[in-house]
Number of protein chains: 2
Amino acid sequence: MIPFKLSEELIAQVEQLIEEKKDTVLLELLEELHYADLAEIIDELNLDEATYIIKLLDSEKTSDILTEVDDDIREKILENLSAKEIAEEIDELDTDDAADIISELPEERKQEVISELEDKEHAKEIVELLRYDEDSAGGLMAKELVKVNENWNVLTCVKEMRKQAEEVTRVHSIYVVDDDDILKGRLSLKDLLTTSTRTNISDVYIPKVDYVNVGDKAEDVAKVMSKYDLEAIPVVDEMKRLVGRITIDDIVDVIREEAEKDYQLAAGITQDVEADDSIWQLTRARLPWLFLGLLGGIGAAAIMEGFDKMLESYSILFFFTPLIAAMAGNVGVQSSAIIVQGLANDDIKGSINNRLWKEMLLAMLNGIALAIILFIVVAIWKNDPIAALAISASLVVVIIVAGIIGTFIPLFLDKRGIDPAIATGPFITTSNDIFGILIYFLIAKLIIGI
Amino acid sequence: MIPFKLSEELIAQVEQLIEEKKDTVLLELLEELHYADLAEIIDELNLDEATYIIKLLDSEKTSDILTEVDDDIREKILENLSAKEIAEEIDELDTDDAADIISELPEERKQEVISELEDKEHAKEIVELLRYDEDSAGGLMAKELVKVNENWNVLTCVKEMRKQAEEVTRVHSIYVVDDDDILKGRLSLKDLLTTSTRTNISDVYIPKVDYVNVGDKAEDVAKVMSKYDLEAIPVVDEMKRLVGRITIDDIVDVIREEAEKDYQLAAGITQDVEADDSIWQLTRARLPWLFLGLLGGIGAAAIMEGFDKMLESYSILFFFTPLIAAMAGNVGVQSSAIIVQGLANDDIKGSINNRLWKEMLLAMLNGIALAIILFIVVAIWKNDPIAALAISASLVVVIIVAGIIGTFIPLFLDKRGIDPAIATGPFITTSNDIFGILIYFLIAKLIIGI
């Protein structure tokens, strides 16, 4: 396959054709492209051009495009469309995508669009999905699925399935329910095709079926599906009634978003921002963490001032504060990152004490190795073994403390039900800077004896 | 579903039953569990207990368990098994998982195990897969797939498909090839079921089919599959012959691993380590980055010594070096993280210059906001507006430079074909520490005029 590659020439060509209103040529050019590629093109156009294309192409294609374009761009395009036009797009979408788009609309627009939906059954299902939290199984699931009643025979089942399958893009499993819609099990396509048509479903279905509850967290659904290698999972309500189905492609998005969020938090960025977001959005995501760093720095300055008697004879101690702060920060980030990742993967078992012991041992080994190098450098450079000893001995202690703090804080936050990912990045570096510098001067003072 | 939860009681119970050799009770207990859950149990047992369980359960289940346990534990268990026993496990696995496990064995063991494989066709396919790089499409794909010849009619096709489908766990698509095995297109199950049995396949297949080349990078396959929401994709060789198929569950693993690698690099951890790895493995992954930080700290100390004339009258400048270093580091990490993430998602378009301008503007805004606060604090605290001005003015410059370095380095590395993720974390914080402190003292000196 020659992968689609967005080029400036293509964008220029599309813009030219829009300007000259050459609709036939434009349609010919765009028709061949996948909706995900079209979304990339639209992301690069200005609002009027984007709206022009959305109105030009038919809604079967544009509805899919809308699900793929950037959030900000979708918001603006939808503002340019009438409620009826939006409803036409929504009518083409599966219930999960439809609900996602409607939920982004302003409250009164929502009502308008819903009342314009043509397929009332579809509308009812979308409204149901709007009730669920977007980070829950209910928020991820679609209503489209293939289900059969345990009391049917294979013949009825095949007939009904054909009807249902029309609406379902990909059939992963056929779910079996009872008269009350309660999930009983699943059927394999293979069994269905090789069984006599008069057999009862209740005699052939597999009663063992994985499922999630409608209120389960999206993150947990992702864990279950990827652990058990599932491509789709049914969702049940509090009464175990089958209410929807989640497919693996939605889970791929959840996994990506989770990873990006953790990555951004580790880098000191809140909220879900992208390189192309506005300066204002980026500032809101970054400034609070920088402010935290500023406070930490002022704290560190205050601590250093408290030790200013050492300035005269041991000014070298002050030259090494950035080193101490950097090492404390680095070790803290390393140990917290390993714990945060382990927690995310459910890999952290056993007691907190064992973890802390292990990290302490590890930090001690690393600290001693680094301290030996530092001692040699400073002793030779300054010809002052006492200062060299003071600096390198306190480096060992600082590294051990930083490792323990980096291990303990995410574990503690996790136990308290707080996302441990906030403990990586600026939070840990700032607190480790302060503790590191304080410990450093205290130990140095002890060794030097001033 | 009541999710499986690994408990210390369960582990204790299993260990007890192994010790007492109560095989029947043990089998009864373990039979009900999913292989992924059994793998979690085995991860917690000692080697003898783990081997005991692998030998107890039948190879249909243990083969799947082996694909799920920790790499280190699998390695040790396999050392405890004979080549014949390993071959029995491999015989049960799909070609992709089989090749993954065999590729981890020592060279001569590999040969032994392969020669013990019972199914020679299977063995041939596994050997073929062993040739491919593990980070390529060839390394991800399995040989199991359903393919039909374009010259067959629907009836032959259905018969052949049934045969092939026995070996394929999940049928996603039926691929259509010509007599030379060259990929021509795909067939939908739905069409197949609704077409007359004498129709020729060439009349009904869909010629448009996404595919990847056997040498494509795993990362790129992941991008294509998640962009186009594919659940499986065929793999072709240089002659466009169909050679395998990649399914979405393997891609989920690729996405997870990519994200974890980037996250670890940002935290200053090389290699793929986990919280449960040995202290030696963790040290090897962490110490090099700490050493880099140490060098940076020594550099910073040398710079500060160069400005030691200011110590007497403006010792306050030295108290604020940790603040300057921390801010330079934080800003650098923030801007590099956004760029690295944008590059990973193919979101970074347009010129480097525009990016740098934007980052400069952003850093300036953030810098000025923080500098105002800092100025007020220092001016009041020290009653020295000149020192306050020197510190806060240089903070602005340091933040701007840090932002530019953080933006430029990953973009530069990416252009050079180097993974930009190494530019986040210690690499950027260390270089920003040094540059930051140097700029800080130079500007302070200029303003104070010593």
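One is the number of the first residue shown, and numbering goes on along the chain from there.
Even glycines carry a Cβ here, placed using N, Cα and C.
TrEMBL annotations: computationally assigned, not manually curated.
Over in TrEMBL, the protein carries these features:
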- A:141-204: domain 'CBS' (DOMAIN)
- A:205-261: domain 'CBS' (DOMAIN)
- A:287-304: transmembrane segment (TRANSMEM)
- A:316-340: transmembrane segment (TRANSMEM)
- A:361-381: transmembrane segment (TRANSMEM)
- A:387-413: transmembrane segment (TRANSMEM)
- A:425-448: transmembrane segment (TRANSMEM)
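Long-range contacts of the transmembrane segment (A:387-413) within the same chain, counting only residues at least 6 positions beyond its ends with a Cβ under 8 Å from a Cβ of the stretch, are 314, 316-317, 320, 323-324, 327-329, 331-336, 339-340, 343, 348, 352, 355-356, 359-360, 362-364, 366-368, 370-372, 374-375, 378-379, 419-424, 427-428, 431-432, 435-436, 439-440, 442-444, 447-448. The residues of the domain 'CBS' (A:205-261), classed with DSSP into helix (H, G, I), strand (E, B) and coil, number 24 helix, 16 strand, 17 coil.
Using the rule of three or more Cβ pairs under 8 Å, pairs at least 6 apart in sequence, the transmembrane segment (A:287-304) is in contact with the transmembrane segment (A:425-448). Packing against the transmembrane segment (A:316-340) from elsewhere in the chain are residues 262, 266, 300, 304, 307, 310, 348, 355, 359, 362-363, 366, 370, 374, 378, 382, 384, 387, 390-391, 394-395, 398-399, 401-403, 405-407, 409-411, 420-421, 423-425, 428-429, 431-433, 435-437, 440-441, 444: each is 6 or more residues past its ends and has a CB under 8 Å from a CB in it. As a whole-number mean, the pLDDT of the domain 'CBS' (A:141-204) in this prediction is 83. Residues of the domain 'CBS' (A:141-204) grouped by DSSP class, helix first, strand second and coil last, total 22 helix, 17 strand, 25 coil.
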